[in-house]
Amino acid sequence: MDEKEINESAQPVSENDDINRKKWYQLITVEPTLFLYMMAFMLTSVIENVLFVYKACTVNHGYSHEICMEIEKHADIKTEVQKTTSTFFQNNSIAGQVIPIILAFFIGAFSDRRGRKLPLIMGLIGKFIYSSMVVVNTTMTNWPVEYIIYTATIPSAFTGADVAIFANAFSYISDVSTKENRTLRITILDVCYLSTMPTGVFIGTYLYNNYLNKSFTKMFLINATLLFLSIIYSLVNLKWQTTAKQKPLTELPCGKWLGDLFDKKHFVHSVRSVTKKRENNHRTYVVLILAAMAFYAIQRDEKKYLYLYTQLKLDWTTEIYSNFRTYQSASYVVVMLIAVPIFNKVLKWKDTIIVAIGAWGHSIGRVFFATASSTALMYAGASISSFGPIVAPAIRSITSKLVSSDERGTVFSLLSVCDNAIQLVSGIFYTQIYNNTLKTFPEAMFLFTIFTQLCVFSIILYIHIKRRHEKDETTPPIDALIEQQPQEENTESK
């Protein structure tokens with residue numbers, strides 16, 4: 001029995017038996033937390049972009065409400081406003097990512113010692129602050145779109161926001177499950193939050209267009225209410241500590257709480273987990289995997305500009321784009337829950353093959369987007385690119401084979417850092433590419449996405465060739481690693 005198996009078996013037999021004897025409803029933990037959080041996000045995922053364009057149009061450029069609500073009919077105004085909106089996307093992304101990236105080096109180790117509940121709730125509070133302040137911004141008709149950064153995005157970032165929520169939700173479910181039922185528990189959690197993608201977009205758009213009279217304020221009040229319910233549920237039902245090694249923060253004087261979180265040893269340990277020598281050239285593989293995750297995550301920033309692109313080139317309305325996003329999200333869910341288990345369990349394909357399929361899925365899908373002159377071609381591109389999100393869990397599965405189980409938390413945190421840190425750069429790239437090609441060749445942003453995904457393919461091809469003769473280490477299957485997938489596929493992501 002190797003080190004991984006020993007660590008996986010460390011949970012006492014009596015505790016395993018106790019878990020197995022519980023009825024299904026007694027096993028519910030963070031599932032409602034993540035469901036409510038993701039439903040809140042998906043309800044306004046499309047409407048949020050509409051709000052940003054509307055704010056830029058009415059306040060920054062001074063056009064009337066009537067013109068801005070039907071901006072797709074005004075070509076010159078549309079081009080002018082889109083430059084302002086894309087610049088806002090860039091700055092908002094930077095403001096929302098810098099602080100969580102720094103916190104990510106500390107939150108993981110802190111939750112290992114003090115429990116998952118506190119950082120999880122802090123992240124939820126951050127998102128609640130964001131939604132509440134967006135409500136305020138919608139009522140302040142003279143505030144430009146940039147005020148959302150100062151009043152909503154930055155305050156939310158100080159709590160860790162999405163990084164803290166996803167990392168601690170999946171760490172919590174791993175803590176309270178046994179080796180035998182962990183895959184099932186994680187799959188159920190995946191279903192809970194993935195199901196909100198198509199349903200949330202559809203319900204949000206339906207409410208916005210049919211019942212709420214296209215009110216941004218009411219939409220974000222619903223968003224904030226769902227987040228508030230998620231916070232209350234988590235406070236009442238989740239445990240502060242989920243493993244024997246976790247100790248309550250109250251054992252320390254209040255004055256040492258921040259010092260306990262920002263211990264420099266956590267940062268040093270994270271860096272050493274990448275730089276230290278490993279057998280069989282595994283250090284090189286770890287570095288390459290981190291790079292692959294960074295290149296893969298770049299494409300997430302494209303989604304903001306896809307809305308602008310379809311409005312510019314295809315004259316799509318909000319309703320048409322919302323229907324497209326509903327289909328796109330539903331396709332992601334189908335592939336993640338059906339195709340991935342088939343690839344891994346039935347066909348027995350290696351994780352590197354699965355990454356390659358995902359990278360090519362994203363790339364070919366962008367060819368369709370770039371050449372689309374009709375709605376049908378956009379939907380065809382969405383169908384093919386739905387294989388793209390399988391990259392992230394496959395990358396994490398590969399990572400689990402390269403490091404020992406007691407390092408997984410640290411290395412997965414670094415993957416999360418790569419996933420989020422790259423958005424500081426990717427947002428700038430997409431903004432500059434889109435703004436500078438807006439009147440000539442706006443499809444250029446899709447070529448940039450294709451380039452990044454081919455970089456992922458090249459890295460994974462190198463690893464596949466180098467490791468094809470190596471014996472695979474015992475590791476949880478890929479569907480068990482979906483728990484480590486960050487917010488945006490989440491977010492699909494966000």
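From the backbone N, Cα and C atoms, a Cβ is placed for every residue, glycine too.
According to TrEMBL, the region 'Disordered' annotation covers 474-494.
The transmembrane segment annotation in TrEMBL covers 34-54 (among others).
Positions annotated as transmembrane segment by TrEMBL: 94-111 (among others).
Per TrEMBL, the feature transmembrane segment maps to 118-136 (among others).
Positions annotated as transmembrane segment by TrEMBL: 148-174 (among others).
Same-chain residues lying 6 or more positions outside the transmembrane segment (186-208) and placing a CB less than 8 Å from one of its CB atoms are 30-32, 34-35, 37-39, 41-47, 169-170, 173-174, 177, 214-215, 219, 222, 318-319, 322-323, 325-327, 329-330, 332-333, 336-337, 479-480, 482-483, 490, 492. Annotation comment: TrEMBL describes 186-208 (among others) as transmembrane segment.
Per TrEMBL, transmembrane segment is recorded for 220-238 (among others).
Here the transmembrane segment (282-299) has Cβ contacts under 8 Å with residues 274-276, 355, 359, 362, 388, 391-392, 395, 398-399, 402-403, 411, 414-415, 418-423, 425-426, 429, 449, 452-453, 455-456, 459-460, 462-463, 466-467, 486, 488 of the same chain, all six or more residues outside its ends. Marked as transmembrane segment by TrEMBL: 282-299 (among others).
Residues or ranges marked as transmembrane segment in TrEMBL: 329-347 (among others).
As annotated by TrEMBL, transmembrane segment applies to 354-372 (among others).
TrEMBL lists 378-399 (among others) with the feature transmembrane segment.
TrEMBL lists 411-433 (among others) with the feature transmembrane segment.
Per TrEMBL, transmembrane segment is recorded for 445-465 (among others).
The listed stretches are 118-136, 148-174, 411-433, 445-465; of these, 148-174 has the most Cβ pairs under 8 Å to the transmembrane segment (94-111). Most Cβ pairs under 8 A with the transmembrane segment (118-136) among the ranges 34-54, 220-238, 411-433 are made by 220-238. Per-stretch counts of Cβ pairs under 8 Å to the transmembrane segment (220-238) identify 34-54 as the leading one among 34-54, 148-174, 411-433.
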